[in-house]
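Novice: Pulled these from TrEMBL:
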BINDING   A:Asp12, A:Asp13, A:Ser43, A:Asn100  divalent metal cation binding site
DOMAIN    A:7-192  domain 'Survival protein SurE-like phosphatase/nucleotidase'
2 protein chains.
Amino acid sequence: MSKKPRILVVNDDGITAPGIKCLIEVMKEIGEVTVVAPDGPQSGMGHAITIGKPLRLDKINLYEGVDMYKCSGTPVDCVKLAVNKIFKGNKPDLCVSGINHGLNNSINVIYSGTMSAAVEGAIENIPSIGFSLDDFTWEADFSHCRKYVKDICLQTLKNSLPQGVLLNVNFPNNSKPLAGIKICRQANAKWAEEFDERVDPHKRNYYWLTGVFQNHDKGEDSDVWALEHHYVSVVPVQFDMTAHHAISNLNGWNFNV
Amino acid sequence: MSKKPRILVVNDDGITAPGIKCLIEVMKEIGEVTVVAPDGPQSGMGHAITIGKPLRLDKINLYEGVDMYKCSGTPVDCVKLAVNKIFKGNKPDLCVSGINHGLNNSINVIYSGTMSAAVEGAIENIPSIGFSLDDFTWEADFSHCRKYVKDICLQTLKNSLPQGVLLNVNFPNNSKPLAGIKICRQANAKWAEEFDERVDPHKRNYYWLTGVFQNHDKGEDSDVWALEHHYVSVVPVQFDMTAHHAISNLNGWNFNV
C-alpha cells in the first residue's frame, strides 16, 4: 500500500476510555486515524441503533494528530455516522474497535457494543477487527497488547479478509507472558443470569443484571480454551446468521397450511 | 405432549402493540401463556442488555387468562428476567417474539430487538421463533398471519429444532394471498444509510438515522426473494457467529509476533 491507510477507530467504553487511547496510539503508527466514539459508556449495547431519537456528532480534540468525534449514539451508530457523514462514502481501509475493557470472547460477541461496531464495519465492507482485554477495570494495562494489535492490523491490511468476515481478537491480561496468537472458533458458552433484586426507597422492587459465565465447551480449538492457555484468541466472525445446516431438516417438516 | 406447553411471548414494539396482541391470542389456542414485554418501544435495540442501570418488572393485566409483565429493559432483558425471575429456571417449552410491525428479514436479524429476543431464547436452549410482518404501521393487519403462526409453532413443538437454531419468520403484508411457506437463507442485503441532518433551535446540528434497503442477492433461495414472491419466509438462525470457513485461511497468515 503506497498511501497511508485510513483507519476508523471506535469503541463502546466511550471516547475517554484508556483502551481506545491505546488503540489510537498504535493506529497512529500505521495510518491516518479518525476516531468516532460514544460520548459515554455503551457496553452491552449489542447491535443497537438509534431510531427513536436524533443523534449528535461533535468534533473534539483529545489526542494530537487525530481527527476525533464524539457521538451521542451507540457503537453501531458511530460506524454508520462515520461512513456516511465523515468519510462520505469514501470508506476507510480499516475499522478497529476497542480495546475493550473486558473480554468479548464466546457468546459475548453478540452482546458487545465493541464487537457490534466491528460487525457493522464488515457489513459496510470495511476490513474490521474488534479488540478486547481480559480486564474490565478502568485502570487496565494494555501495554502487552500493543505489538499484537499492530501486527494483526498490518496482516489484515496485507492479506485482506474474506468477504463478510471480520476478526474478534481477545487478549489475556498481563499476569503471565502471552503464548502467541491462536485462530479459534467461538466457544459454546453462555451466561447464567443472576438478578440482584433490591427494594427502592419507595418500596418498589428493582433488579440489577449480573451473571456467571459458564463454558460448556471441552474443545481445544475454542477462544475460551486459547485464553485460558494465555494465547491471544482470533476468531473469524460472520454476520450471515443463517444456520445453513438446518435448512434440509426444516424442508422435511410437514406444514399444514 | 400431554400437558399444555408453556409459552413465553415477548416483542420489541412494546407490550401494548397490536402485533403482540395477535401473537398472544394465537398462543392461547396452543398453551399456557406468559408475556414479558418492554414497557415502551425498543425497536432497533439488537441484542442490547441493560447493565448500567437497574431494571423494573411489573405485573399487569391487559388480556384475560394470560400472565403478563412489563419490563423497563430491552427485549433481551425481558427474556433473561422471564427465565430467571418468572420461570425460575423451569424453562418454557417455547419462546415466541413479535409479531413485529415491520420486516426483520435479511441483515435486519442483527438490528432487530424482536429477533434478538428470540436469539436469547435459543441461547437459553428454549425452542424460539421470531415473527415479523411487512407493515410497520401501528394499524397493521395481522389476521392473515394467524394460521401460519399457529402451524409453525405446532410444528416446532412437534419436530423440535436442532441445537443452537431458532427460526426467523417473516410475513408479506395482506395485499395479496400468501403463496405458502418457504425455508430460506438470510439474503445478502444491507441498509444504505442516509442521515437526515437538521439544526436545532440552539443552532446545533443533529441527525436522524434513515436509510434505503439494498438487496445485493440474486438468489432464489433467500428470504428477500421469498417475500417478494409472497411466501412466508422461514430462515433458520444460529448464534454461533464463527466464520468456520475462514479459519484455514487465517491459519495461513504469517504473524510477526
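Just so you know, glycine gets a Cβ as well, placed from its N, Cα and C.
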Novice: Specify the count of other C-beta atoms within 10 Å of the C-beta of A:Asn100 (divalent metal cation binding site).
Specialist: 30
Novice: Can you check how the pLDDT averages out over the domain 'Survival protein SurE-like phosphatase/nucleotidase' (A:7-192)?
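Specialist: Average per-residue pLDDT within the domain 'Survival protein SurE-like phosphatase/nucleotidase' (A:7-192): 97.
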Novice: With an 8 Å cut-off on Cβ-Cβ distance and a minimum sequence separation of at least 6, pull the same-chain contacts of A:Ser43 (divalent metal cation binding site), or say none.
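Specialist: Result: A:Asp12, A:Asp13, A:Gly102, A:Ser112, A:Gly113.
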Novice: For A:Ser43 (divalent metal cation binding site), which DSSP three-state class applies?
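Specialist: The three-state answer is coil.
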Novice: If you count, for each of the binding-site residues A:Asp12, A:Asp13, the other Cβ atoms lying within 10 Å of its Cβ, which residue has the minimum?
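Specialist: Counting other Cβ atoms within 10 Å of each of the binding-site residues A:Asp12, A:Asp13 gives the minimum at A:Asp13.
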Novice: Would you mind pulling the DSSP three-state label for A:Asn100 (divalent metal cation binding site)?
Specialist: strand
Novice: With an 8 Å cut-off on Cβ distance to the A:Asp12, A:Asp13, A:Ser43, A:Asn100 Cβ center, who else from the chain surrounds the divalent metal cation site?
Specialist: A:Asn11, A:Gly14, A:Ala17, A:Gly19, A:Pro41, A:Gln42, A:Pro75, A:Gly98, A:His101, A:Gly102, A:Ser112, A:Gly113, A:Thr114
Novice: Quick one: of A:Asp12, A:Asp13, A:Asn100, which binding-site residues have a CB closer than 8 A to some CB in chain B?
Specialist: none
